[in-house]
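Since the structure comes first, as structure tokens, the remarks are kept for the end.
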Amino acid sequence: MGHVLSFTHCKDAPSTASSTPDSCPPEGEEDDSPVTEVNFWPLPSPHEPTFSYITIGSTAPLSRPPVRARRGLGQSRVHAAPREETEEKEVKDVVTYVLLEKTCQLKKLSPPHVQEEVVFVAKPQPQLEVFRAVKDLLYWRDILLSAGCLTGVTLSLLCLSQFSVISVFAYGCLIILSVTLTLRLYTKLLHALKRGNGANPFQYYLDADLKLTTKQAEEITARVLSLLSTTICTLRSLFLVEELKDSLKFLVIIYLLTYVGAVFNGITVLLLCVIGAFTFPILYKQHQTQVDHYVSLVSKKGNAFRSKIQGTVKKPPAKQK
């Protein structure tokens, strides 16, 4: 703690050259004025104060020494206990005032702003979820689900190859409804015999949320319209020969499809595609090294043949002598 100078002001004098009077009060009078603090900056008044004594201490008012009667007057000694109690009370009042002032200043301060860390979690996109589900289905991650899908699609295509679409749809709905209705009646019977709770065995699928929000419907509609418009524009450029090279490639592909159509119909082609989709991924996963080796050999042969053809076509004719 730093120290400051505390002074007791007695009287003003016109000059500092005059003698300093006695700091004790005159006879029969007691000085009850509190001890004051004097600023160290120059006083604006031309008069210079004189001081009886200098004390080095803290910023709080200091206690004065007990006042004694001047010698030769025969007065009794003045008791200093009441003055000390008064000065201690003044010190407590000053400390209380300072604490209240600091409390008011702290209340005026704004509370500290705690910046919370915001973690952004990437929302899974519907396209990625659909792609992951199809991949799991084709790689037989869930054997029962993959086997059920393959069997159902294969039987549906075989039925379509023999019957009309309306007949296949009607018989398929009858088969599904007969299975679900039988299971539901069975659970009701168990509940009547007090062997079950009678809950719907398909409650899990009934609780599944299949509704599309407005935003999802707009996204799907925009995606379908974009795909449709892109397909129409591509077919227009191919049929109207916007690029000669692309139109010739399209012509070759259509010509090869005529031979495929002569051997297979559309249902048979779809059936082969479905069987291949559920078969080739798992076979490739089991024999990946051998398949990659043969594929690299075929690609090298194809690149060599292509470079040979391009060299023959771009070879300039020999100059005649």
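Residue numbers in this text run from 1 along the chain shown.
Cβ atoms are placed via backbone N, Cα and C, with glycine included.
Taking Swiss-Prot as the reference, the stretch among 44-64, 65-85 described by the feature region 'Disordered' is residues 65-85.
Looking only at the domain 'Reticulon' (134-321), the predicted model's pLDDT averages out at 88.
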